[in-house]
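Features of the protein shown, as given by TrEMBL:
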DOMAIN    37-530  domain 'Amino acid permease/ SLC12A'
DOMAIN    541-672  domain 'SLC12A transporter C-terminal'
TRANSMEM  35-57  transmembrane segment
TRANSMEM  69-94  transmembrane segment
TRANSMEM  115-141  transmembrane segment
TRANSMEM  161-183  transmembrane segment
TRANSMEM  190-211  transmembrane segment
TRANSMEM  259-278  transmembrane segment
TRANSMEM  298-316  transmembrane segment
TRANSMEM  336-360  transmembrane segment
TRANSMEM  411-434  transmembrane segment
TRANSMEM  446-466  transmembrane segment
TRANSMEM  472-489  transmembrane segment
Amino acid sequence: SNGKQHGSLMVISKSSSTLTGEGAPKSNPRKLNTFFGVMVPTILSMFSIVLFLRTGFVVGHAGLLHGFLMLFVAYFIISLTILSICAISTNGAVEGGGAYFMISRSLGPEFGGSIGLMFYLAKVCACGVYVLGLVEAILDIFGKDPGSAVSHGLRVLPQGYWYTVLYSSLVLLLCLVVCLVGAHIYAKASFIILLVVTVSLISIIISPLILRPQHFNITHTYGNNHTVTVNPSYTGFNSTTLKNNLGPHYSLDYSTNTMMSFATVFAVMFTSCTGIMAGANMSGELKNPSESIPKGTIMAVSYTFTVYVLLFLLLSSTCDRLLLINDYAVLQRVNVWPPFVTIGVYCASLSAAMCSMIGASRILHALALDQLFGLPLAPAAVTSSSGNPWVSVLYTWGLVQCTLFAGQLNVIAGIVTVFYLLAYAAVDLACLALEWASAPNFRPTFQFFSWHTCLLGIISCVVMMFVINPVYSSASIVLLLLLLLFLHYRSPTSSWGYISQALIFHQVRKYLLMLDSRKDHVKFWRPQVLLMVANPRSSCQLICFVNQLKKGGLFVLGHVQIGDLDVLPADPVQPQYNFWLSLVDKLGVKAFVDLTLSPSVRQGTQHLLRITGLGGMKPNTLVLGFYDNCYPEDYFLQDPAHFPPVRHAESPRALQPEEYVSIIHDAIKMGKNVCLGRYFFQLPPETKGIRGNDNMDTIDVWPTNLLSPGSASYADVSSLFLLQMACVLNMANRWRRARLRIFVCVESESGDQGWLAKEEQFRELLGKLRIRAAIKIVAWDDVARIGRGPNSEGQKLTEDFLCAVNALLREYSSTAAVRFLYLPHPPSSSQLSQQYLTQLDTLTRDLGPTLLIHGVTPVTCTEL
């Protein structure tokens, strides 16, 4: 049968190379079919040593019923993971690296890389476990007795720590040679080993039909010199034996001298189920991984399950319980020809070691190709001409050689199972995330899974980890988090997509639909700002300032590109987005970007005001830079950003005064609040952790309309909006230490003492609004007198009056970090636009960072 199999394998690979046509068959490492590539490795790694050396132990301590329960639970847990493996591997092409490839391509580089590395280490430790297990089994038969110098019969090998290391290194060398030659040799070697294992299994199954009942004499030494001798018997098929073996009988384990329980026996049982990925890890060598992995894994697992059930039944109905508990090599003791089992053990260990080694090297190779861990792994990406990653095989060999110095392997065995389980939980998580993100491109051809199976798989894997070894499990999760942080900090940008983005999209859309603008209440009002930016080079300070002013609200940077799509070959706006997004990253502001193409700035701003935002998140405040002849400074002088250079002092402006004022007018018509920012380039740039100089200390608010001295109302909507914005700024981290000062202008010489009552009212209002601020009274009789001069009936305010107000502001507010002034309503006729702007210009000249605000929405709330 062996020859035939190889023959068919050769035929298959020949036909595949003719089918692919141009690709030379030599350079294509994908040679293995379902049977050789998936079934054989999976069966062998699930059969490892547990089958031969621990089946009796499980049945002896747990009894047949508990044993079956353990078997079903263990296989149920791994079946859930197998469903996820099948789902992911049938959704698109799987490349080399098996589990790592599936996890990283679904969950992104951080998660994939950290789980991949841990799975790799688990495989390395597993390889060490199998090699040491094999050496132990060899020494049991061929090792000299430590006491005697002469060799008896077969016992020729000297024993001792260094001898163990030597023998295991030789075995490992053998594995290395097989893996260096390549996967096809490994597949053939595995197949021969599987035949040997199968022969020894058949011998185990037919032995009870041939052997007659026997009695044995077994002596164990506990502690120093406390020996116990038992006389168990082998009864052949016997209903009494079966009846006695049904229930559990947990007792002392003679090898470790500890009391057994359901959990400890189950942990031993479960280590035999951790080989299910052996086939999937060969994904780079398979001809058709998407078809082979599900089919081969499911067939292999059902085969091993059947064998375990048969063996459990066989042992419990033919062997006395004393025999099962006191001799773990019971299968050898009751065999037609005991060497059958011995050879089976040797072969199973050897193949499991090779399988771990080749699987580990493939994972390392995939990790190196993705360049997640940088230089230390770079050489591991090298392959030979036939596609064998020989450098990563050598890396793996070196690491396994290090684990061999541990000598005794009960230590590492626990770690292996825990790491494996963590990797399985991650595969389930990957599948669950893909299913929950419900991306249209996740449509695996394998349909038998749902998010319930994935979730159950994750929970059961994590619970099993903690049942088997709580200390190692906690440590492995800590290690996972450290690796996650490390990879996140290195932030490898990957082109294979982040599942987190898909999940975030899913949730955000759901919550945006739940955000209902009809349920808005003034209590929960927050500024949602649209900041119009002509050129980011000159407005970085303002962008950062508005970011402080938004208080968890929406912040959108808007920009209008002048143009007409009819005369342009392509949309000029779309390519700009990435530059703006990287600007947002560079400045560290929490802002969205909206760009539009429009024949005029005014029209574009109207569009943005109407359309920006989504659902209940729409801007309610428009912020513009001030319209003045100030030469814009370039903030990015030392940084070659992709934005056009700033405007020269002589060059013409894109925006005329009339258009600027009508933008303010439009916004007020649309019910938006308007802020104009001036001199913000004077604001000291933000430095992380260090506060600016001392003039950070005050925020000044002038809540009266300084341009109409008669109408000194403090409680109109716009004044309250002013106070609210100052208060919001005071809450921002950078401005938390700043003091709020409110300036109230009064005419003290007017004879009546009305202003005292007014001040009292104002204090009361601030108290109600819970705004902590110092109130400063400013007597401005002289200024007001100029304003009420001879031409006070005329509309035009005199230059003198404006200069006087400006002087007043400079006198009281020169030291403030920022001032909030009242922005009067713009004139309705466009002829007065230039005059309106000139007035504002004179009013705020040389003041330092100033925000002129016109509020139209009631925002303050005095009730609870």
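Every residue, even glycine, has its Cβ placed from backbone N, Cα and C.
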> Are the transmembrane segment (69-94) and the transmembrane segment (259-278) near each other by the rule of at least 3 C-beta pairs under 8 angstroms (pairs 6 or more apart)?
Replying inline: yes
> Quick one: DSSP breakdown of the domain 'SLC12A transporter C-terminal' (541-672) into helix, strand and coil?
Replying inline: 50 helix, 22 strand, 60 coil
>> Same chain only, please: residues at least 6 beyond the ends of the transmembrane segment (446-466) with a C-beta under 8 Å from a C-beta of the stretch. Say none if there are none.
In response: 76-77, 80-81, 83-84, 86-87, 89-90, 270, 294, 418, 421-422, 424-425, 428-429, 431-432, 435-436, 472-473, 476
>> As a test: from 69-94, 161-183, 298-316, 336-360, 411-434, pick the stretch that has the greatest number of Cβ pairs under 8 Å with the transmembrane segment (190-211).
In response: 336-360
> So which of 69-94, 336-360, 411-434, 472-489 is most in touch with the transmembrane segment (298-316), counting Cβ pairs under 8 Å?
Replying inline: 69-94
>> Pairs 6 or more apart in sequence, C-beta under 8 angstroms, 3 or more of them: is that satisfied by the transmembrane segment (69-94) and the transmembrane segment (411-434)?
In response: yes
>> Considering only Cβ pairs within less than 8 angstroms, which of the stretches 115-141, 161-183, 336-360, 472-489 has the most against the transmembrane segment (411-434)?
In response: 115-141
> Against which stretches of its own chain does the transmembrane segment (161-183) lie, if we need a Cβ under 8 Å and a gap of at least six residues from its ends?
Replying inline: 29, 31-32, 127, 131-132, 134-135, 138-139, 189, 282, 285, 350, 353-354, 357-358, 361, 384, 386, 388, 390, 393-394, 397, 400-401, 404-405, 407
